[in-house]
Amino acid sequence: MASRAPTMVALLLAAVAATCARAQLHDKFYSESCPSVEEVVRKEMVRALSLAPSLAGPLLRMHFHDCFVRGCDGSVLLDSANKTAEKDAQPNQTLRGFGFVERVKAAVEKACPDTVSCADILALIARDAVWLSKGPYWTVPLGRRDGSVSISNETDALPPPTSNFTVLTQLFAAVNLDTKDLVVLSAGHTIGTSHCFSFSDRLYNFTGMENPSDIDPSLEPQYMMRLKSKCASLNDNTTLVEMDPGSFKTFDTDYFKLVSKRRGLFHSDGALLTDPFTRAYVQRHATGAFKDEFFADFAASMIKMGNANPLTGSQGEIRKKCSVVNH
């Protein structure tokens, strides 16, 4: 299956190999202890996405949300009896797919008990979510271990959809991601949906006036009216909107076309046009002429993000269930 990956991906990924080595992550980590792990995960992914292709976006997003808080340690998956875990925080209230992750973990446990971490399973799920949505394939460095701490207020480290460019660069830098990673990984918004409340202030409350004329002037007017027809008010907490209208189930470069036309859904999407480097990247890939280049960039940035402060070696544990620590 990996043969579908563009040659450029393999060339560019060499640039991040040294970083992964320092963190003791490598793609052959389970070659002896659980050689079937990727096959087990992919079988579950193929089954799930054949029934619910819209799940790909949320599963990719879950890996992002895991890595930006405490590093990629599976802490986003932990439950809390008093509702103080990461998954209970406002930014994670719209995450979905937790039950599916547990199903994958159970299948992996059946094949290889007490061997593969939930953090690694999330990384594999995210890769397959992209690849099975017609995006790039990359080899996932493995060897992460699971953390035992999950604190809701630490989700302040997650980049909010309301962020301006300065805030975005600061939050990405905190997990060793640079400006190029920011614009590349933002294109993960090419798959999936969002609730109206994540962007409705751009439609009704841009300056705090809370009226239909208080709009974000950076939004393209026709797109703004289309969004208003779907999201009737600031109080709409249930409606879902496609982040990449028309191809939200396909991983492609259409996201850049939308952003270049001022049709990015979130403040953070529009913010990419406020910096010369990210604006140039958006405009280049809005042409659709450099798909392989973008796919290689996305794969490299995903590996780099997946190397964010992982627990390795004797650190952490290998949870038997992703939602609870072992003790």
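Glycine is no exception: its Cβ is also placed from the backbone N, Cα and C atoms.
These numbers come from a predicted model, not from an experiment.
In TrEMBL, the cysteine linked to CYS34 by a disulfide bond, out of CYS67, CYS72, CYS112, is CYS112. If you go by TrEMBL, CYS72 shares a disulfide bond with CYS67, out of CYS67, CYS118. A disulfide bond in TrEMBL ties CYS231 to one cysteine from CYS196, CYS322, and that cysteine is CYS196. Long-range Cβ proximity for GLU86 (Ca(2+) 1 binding site), meaning a same-chain Cβ under 8 A and a gap of 6 or more residues, is found for HIS65, VAL69, SER75, VAL76, LEU78, ASN92, SER150, ILE151, SER152, GLU154, THR155. Fewest other C-beta atoms within 10 Å: among the binding-site residues GLY71, PRO159, that description fits GLY71. Other than the site residues ASP66, VAL69, GLY71, ASP73, SER75, GLU86, same-chain residues with C-beta atoms no more than 8 angstroms from the centre of those residues' C-beta atoms, the Ca(2+) 1 site, are HIS65, CYS67, PHE68, ARG70, CYS72, GLY74, VAL76, GLY147, SER150. The Cβ neighbour count for ASP66 (Ca(2+) 1 binding site), using a 10 Å radius and every protein chain shown, is 29.
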